[in-house]
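Trainee: One structure follows; several queries about it will come next.
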Amino acid sequence: MSKVCIIGTTTWGITLGTIIAHKGREVMLWARTEDEAMLLSTQRRPADFLPENYHFPEFMNVTACLEEAVAGADMVLLAVPSQRMRPNIRLVAPLLTKSMLICSAAKGLEIGTAKRMSQVITDEISPDFAKNICVLSGPNLAMEILKGLPAVTVLAADTEKTAKKAAKLITAANFSAYTNTDIIGVELGGSLKNIIALGAGIVDGLNLGNNAKSALITRGLTEISALGAALGANPLTLSGLAGLGDLIATCSSNLSRNHFVGVELTKGRSLNDIMYNMSNVAEGVSTTAVAYEMARSMDLEMPVTENIYNVLYNNADPKEAARILMDAQATHELAGRKWNLFKMFRKRKARKTPELNPD
């Protein structure tokens, strides 16, 4: 029987464990304390977990012993907040073997380094195991998946062989996995879309309508593609499941934590108050800060990100930020066959309509 070790008793970690265990594979969840492991093992569910009728499937168990959790695993799947990825992979690294896949299911960028999660993992494990790193990302709202509703995801790795091996372990009824070798694009799509989801929450909180939200999502995708291209991603990846697909799901659903934060900001609540009272992490808050600094250092114009940053960190009025975003100047909107997204978003002193590259 195949075995998957999941690091992180988060909502997403438990959801992924449930998917995998329902397929008849052994899943071992690692809990950080004996008390947590005992409680989860006894109740077979988290105390505050929804839906109410949820219980761990037969082949999913919990342990506080990291060695027991990792031993014999075909994959170690890290479903932890992005700012906790480095300390967790440091604990796991000495227990890895050359045959184990190491999969990140986190959607964020590390504060201070601006690194993607696969880069953080690479920093902390033996170079001999780097070929086994993969990432999971896509339009995956946990509560829908736990209700048995269909969803798809993307498994990305540097090689198609590794991506397919990971996808085979993850794929189950109502949860299909596509593969991709553009690990940069898949990770950036999953991370950066959370910024736009914050904006979508603001638009919804202000009751600005679907026209405004569709404009925000579309311009947000252009920003994601511009930054992604500058960092080495394939822009086509960002129009796929891990980019546009995840963007639509997160911006359209009340189940999204980042969308929730955006809505609450329009009610006059402070960011600290919102975050303090949330049981889960809204990754978009930290990702906005990282992406904002990256854009500045690369001289990339990212107006959506800049305005969301000002709302989060400079106490800008959400209503004024939305007005600025909807009051764009008449510039070229098309991305043609030979359009250079990086140059298109380079800041220009004279805001002229950019010219298409000649044939």
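Backbone N, Cα and C atoms are what each Cβ position is placed from, and that goes for glycine too.
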Trainee: Of Lys168, Lys193, Lys213, Lys319, which one shares the sn-glycerol 3-phosphate site with Lys107, Gly138, Asp246, Ser256, Arg257, Asn258 in Swiss-Prot?
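Mentor: Among the candidates, Swiss-Prot records only Lys193 at this sn-glycerol 3-phosphate site.
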Trainee: Please identify, from the binding-site residues Thr11, Ser256, Asn258, the residue with the sparsest Cβ neighbourhood, meaning fewest other Cβ atoms within 10 angstroms.
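Mentor: Per-residue Cβ counts within 10 Å for the binding-site residues Thr11, Ser256, Asn258 bottom out at Thr11.
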Trainee: For Asp246 (sn-glycerol 3-phosphate binding site), just count the other CB atoms lying within 10 A of its CB, please.
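Mentor: I get 29 for this one.
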Trainee: Rounded to a whole number, how many Å is the Cα of Arg257 (NADPH binding site) away from the Cα of Lys193 (sn-glycerol 3-phosphate binding site)?
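Mentor: Distance between the two Cα atoms comes out at 12 Å.
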Trainee: Using DSSP with the three-state reduction, classify Gly138 (sn-glycerol 3-phosphate binding site) as helix, strand or coil.
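Mentor: Note: Gly138 (sn-glycerol 3-phosphate binding site) is coil by DSSP, not helix or strand.
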Trainee: Ranked by the number of other Cβ atoms within 10 Å of their own Cβ, which of the binding-site residues Trp12, Arg32, Lys107, Gly138, Arg257 ranks first?
Mentor: Lys107
Trainee: Would you count the other CB atoms within 10 A of the CB of Val281 (NADPH binding site), including those on all shown protein chains?
Mentor: 20
